[in-house]
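S.K.: Questions regarding the structure given below will be posed in turn.
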Amino acid sequence: MRDGRLPRQANAKPKPTRTQHRSLSLSLSLSLSPSLSSRARDDNEKPRRCRVPRRFRSPEMEASGSWDAIDWNQIEDPRSRRSSQGMEEFLLEDEEVYAQGHGVVLLNTDEAGIVSVTNFRLLFVSQATKSIIELGTIPLSTIEKLNDDVKLQSVPRQYDKKQPRELLQVIGKDMRVIVFAFRPRTKQKNEVFDALRRYAKPSQLWELYAFSCDPSTVDKKSDPKMRLMKEYHRLLSEGSEFEVEKYYFRNNWRLTTVNSSYSLCSTYPSQLIVPKSISDEDLWQASTFRAGRRLPIISWCNPVSGAVLARSSQPLVGLMMNFRNNADEKLVSALCIQNVDANLPPRKLYIVDARPRANALANGAKGGGSESSSNYPKSEVLFLGIQNIHTMRDSLSRLRDYVDAHGSISSNGSSSAVSLVGDRRNRGSTWGGGSLNSMTQFSSMLGEWLNHIQNILVGASWIAAQIAQESASVLVHCSDGWDRTTQLIALACLLLDPYYRTFDGFQALVEKDWLAFGHPFAERLGIPTVSENGGSQYELLRQPSVGNLTSSPSRGSLGTPGSSSNTSVQSQTSNNSSPILLQWLDCIAQLLRLYPAAFQFSSKFLVDFMDCVLSCRFGNFLCNSEREREQSGVTSSCHCMWTYLADLRASGGSFHEHINPFYDRERYWLPLVPPAAALAPTLWPQFYLRWTCPPESQGGGLESHGHSMRKKYEASVKSKEMAESRSRDIKMKMESMLTDLQRERRASSSALAMAQRARRENVAIKRAIQTIGCTVNFSTNENQVDKPEEMSYSFRREADTVSQQDDNADMSVSISAIEDSLVSETPSNQVCESLCPFRSREGCRWPHAACAQLGSQFVGLKANFDAFDRLSVKDCYFPKE
């Protein structure tokens with residue numbers, strides 16, 4: 001199914017279900033209507049036929065002339081025809097291979113291997129080590145650009161200069177630039193390139209890898225709306241970090257469900273925190289005065305001081321800035337609750353516009369603009385000068401290109417680009433292989449990016465300082481209220497509330513200010529979102545940050561989002577991607593460098609978090625708003641990223657690399673207010689340099705040394721535990737051996753006593769037999785001669801035996817009786833034979849019958865009763881016990 005052709009199976013039936021979001025493929029990923037795929041037909045009913053649009057006709061259909069009608073019965077799920085192509089051990093669950101190339105060289109590391117295009121990633125496996133090469137393995141959603149027309153100045157070392165090469169360049173959103181060299185005169189490069197173009201930029205949301213999992217394996221209890229409600233209650237009630245008895249102002253705010261159907265604002269959460277003095281009707285009226293109906297809403301509040309941190313979009317004041325709205329002014333004024341203590345100065349309200357002043361004025365020509373402090377009592381309006389999404393995207397692109405060109409691992413096939421710039425003879429003393437001009441160029445590019453980071457840091461720190469030190473209320477907005485506003489609000493909350501600097505708090509903060517308040521992740525990541533063309537779903541067009549306000553469909557009639565007939569590929573045709581989330585994480589990394597013990601998580605956690613978002617492996621960051629995620633069913637159809645990260649930490653215990661080894665909650669339980677002089681950011685090496693300068697990206701940080709020390713400590717603890725375990729085992733074995741020894745001693749003592757008793761009995765038997773007239777001879781087994789008239793009695797000699805025989809030999813006692821011919825026939829003998837209980841018709845059975853019992857031993861002999869009559873046995877014959 002790699003080429004998208006229709007399979008020819010007569011009895012195959014469509015398998016898509018709406019629950020699993022399976023989309024069938026017809027030449028180019030043609031979507032079937034749910035009514036066609038789920039409608040049952042009788043066996044006698046003729047197959048339904050449908051005209052295929054020309055853009056979806058395959059070459060085979062054109063050639064056969066049967067392209068105008070197709071049998072839907074002959075369409076099967078293309079997933080059933082894909083194979084792993086021998087890569088089973090390297091694939092994830094539900095991952096399938098679409099295209100593959102052998103003998104491909106990764107020019108960055110000059111390593112040969114197998115490159116495979118799956119439904120999730122571009123996978124590169126080394127031929128030498130049979131392992132996945134992390135640099136050459138990138139998720140499809142992380143790929144930003146593909147270039148098959150690559151010309152390098154340096155020559156790969158595994159190729160001859162005269163040999164032609166087919167190169168493919170892959171540029172990632174994670175600062176990665178990799179180049180693959182394919183074998184010449186083969187179709188491998190074209191197959192891989194075509195598969196990447198098709199699957200790296202899907203046209204529908206359901207084609208993402210996140211929807212390939214079995215919905216029955218998804219945790220249905222993981223509801224983001226319930227977690228948002230839990231965070232709201234933490235802010236307003238006993239779940240807060242502050243003491244309950246100090247809640248002077250918690251009765252001034254309330255939770256409203258006016259947006260439960262997303263009719264008030266389609267990009268806001270279903271439940272909102274608003275001042276208690278503002279009615280729902282006031283909210284409806286105020287929403288008409290804000291861009292995208294994103295009216296001022298409380299994001300964080302301090303129940304002790306009464307200060308709030310609110311967010312919104314720009315007001316629609318018009319070109320002359322003379323439009324006003326009474327409900328909006330009432331709502332903004334209600335954010336600034338006056339102090340209860342009359343001795344305190346009146347509370348101030350700061351309205352922070354994240355844009356440059358010139359940009360705000362330019363938006364006035366399109367209907368937007370900024371507030372006037374004269375219309376909002378006790379307020380002050382400030383501008384932070386943060387640039388728009390397009391400036392940020394271009395700045396990161398320039399930084400990525402330069403880092404790739406001058407890193408120790410470069411996509412051009414040469415180390416540090418020494419052969420391209422700088423002095424080869426002075427290689428060791430030049431910076432990164434570059435000259436002074438290249439250093440100046442890099443400083444300019446780096447300074448441009450770090451300047452953007454510093455502006456965000458300074459703005460968020462200033463906001464946190466006003467709330468923490470002056471107990472002032474702050475309203476933040478930009479143009480749309482979902483990019484720069486989200487950065488500032490989330491970063492200020494991180495500074496103000498120590499709960500957000502923990503793992504659980506970080507999740508609550510992201511889900512509240514980034515996800516619930518409608519940051520457009522689909523647009524910023526360049527992935528598709530839901531659309532009306534895909535069945536019962538809908539498309540929600542978004543307004544770009546510098547777009548035309550009057551043309552935005554979100555400003556139509558109240559509660560009616562705009563739509564378009566050509567919106568299913570909007571994220572592909574409009575270039576609204578931008579590293580907004582990356583900048584926010586970069587700012588956190590800068591704060592982590594300033595306050596190493598204030599955060600429970602580490603810089604490595606931030607890197608892995610960003611990678612998870614870019615990969616689109618999970619459903620948490622799909623779509624553009626809470627409403628879109630709810631109606632597209634991503635929560636019930638895709639796995640949760642937070643569960644994955646929690647399981648990852650649990651697998652490593654307290655020493656996992658995501659956990660900050662220096663975290664001290666007792667020391668940093670108050671708000672962080674960094675001074676302006678300390679807000680001088682540096683390049684975040686763990687993220688920006690990890691692909692081009694791996695040793696430098698981890699070697700110089702305090703955090704990396706801490707993890708190294710913790711690993712050594714963990715190794716020593718494990719060694720100690722193993723030694724203690726071996727000591728316990730040895731002790732248990734010694735105790736067991738001691739018990740066995742004591743048991744053997746008791747058994748030996750008992751056997752010795754029995755041997756002594758048997759010896760005394762044997763002596764007594766010997767004396768008794770000798771009195772009868774029998775001869776007793778002692779001999780060892782090896783010297784014993786068998787005689788028919790003798791009977792042998794054997795016993796094991798004990799240690800105290802008086803005999804001089806060998807200890808290992810058995811002693812044999814031979815008793816010789818008088819022969820029958822020498823015994824006279826006497827009446828006594830006849831009496832014996834008549835009274836013998838063992839006598840039979842054959843006569844006496846001695847010595848095969850026990851005729852006498854002496855002591856505890858049976859001795860078989862033919863008794864001479866005449867001798868017994870003449871025998872007198874005296875007690876002196878037997879020694880006393």
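Quick reminder: no glycine exception, Cβ is built from N, Cα and C everywhere.
Dumping what TrEMBL says about this protein:
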- 1-57: region 'Disordered' (REGION)
- 23-38: compositional bias 'Low complexity' (COMPBIAS)
- 222-688: domain 'Myotubularin phosphatase' (DOMAIN)
- Asn363, Gly364, Ala365, Lys366, Asn388, Ile389, Cys478, Ser479, Asp480, Gly481, Trp482, Asp483, Arg484: substrate binding site (BINDING)
- Cys478: active site, phosphocysteine intermediate (ACT_SITE)
- 549-575: region 'Disordered' (REGION)
- 549-562: compositional bias 'Polar residues' (COMPBIAS)
- 563-575: compositional bias 'Low complexity' (COMPBIAS)
- 699-727: region 'Disordered' (REGION)
- 711-727: compositional bias 'Basic and acidic residues' (COMPBIAS)
S.K.: Between the binding-site residues Asn363, Asn388, where is the Cβ count within 10 Å the lowest?
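M.R.: Looking at the binding-site residues Asn363, Asn388, the Cβ with the fewest others within 10 Å is that of Asn388.
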S.K.: Six or more residues out from either end of the compositional bias 'Basic and acidic residues' (711-727), which same-chain residues have a Cβ under 8 Å from its Cβ atoms?
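M.R.: Beyond its ends, the compositional bias 'Basic and acidic residues' (711-727) has Cβ neighbours at 655.
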S.K.: For a quick check of packing: other C-beta atoms within 10 Å of the C-beta of Trp482 (substrate binding site), how many?
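M.R.: Excluding its own Cβ, Trp482 (substrate binding site) sees 29 Cβ atoms within 10 Å.
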S.K.: Would you pick out, from the binding-site residues Ala365, Cys478, the residue whose Cβ has the largest number of other Cβ atoms within 10 Å?
M.R.: Cys478
S.K.: In Å, how long is the longest CA to CA span across Asn363, Gly364, Ala365, Lys366, Asn388, Ile389, Cys478, Ser479, Asp480, Gly481, Trp482, Asp483, Arg484, which the record gives as the substrate binders?
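M.R.: Largest pairwise Cα separation, rounded: 21 Å.
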S.K.: Can you tell me how many other Cβ atoms are located within 10 Å of the Cβ belonging to Asp480 (substrate binding site)?
M.R.: 29
S.K.: Just to confirm: which same-chain residues, 6+ apart in sequence, have a Cβ under 8 Å from the Cβ of Arg484 (substrate binding site)?
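M.R.: The list for Arg484 (substrate binding site) reads Ala354, Arg355, Leu384, Ile386, Ile456, Cys478, Ile580, given in order along the sequence.
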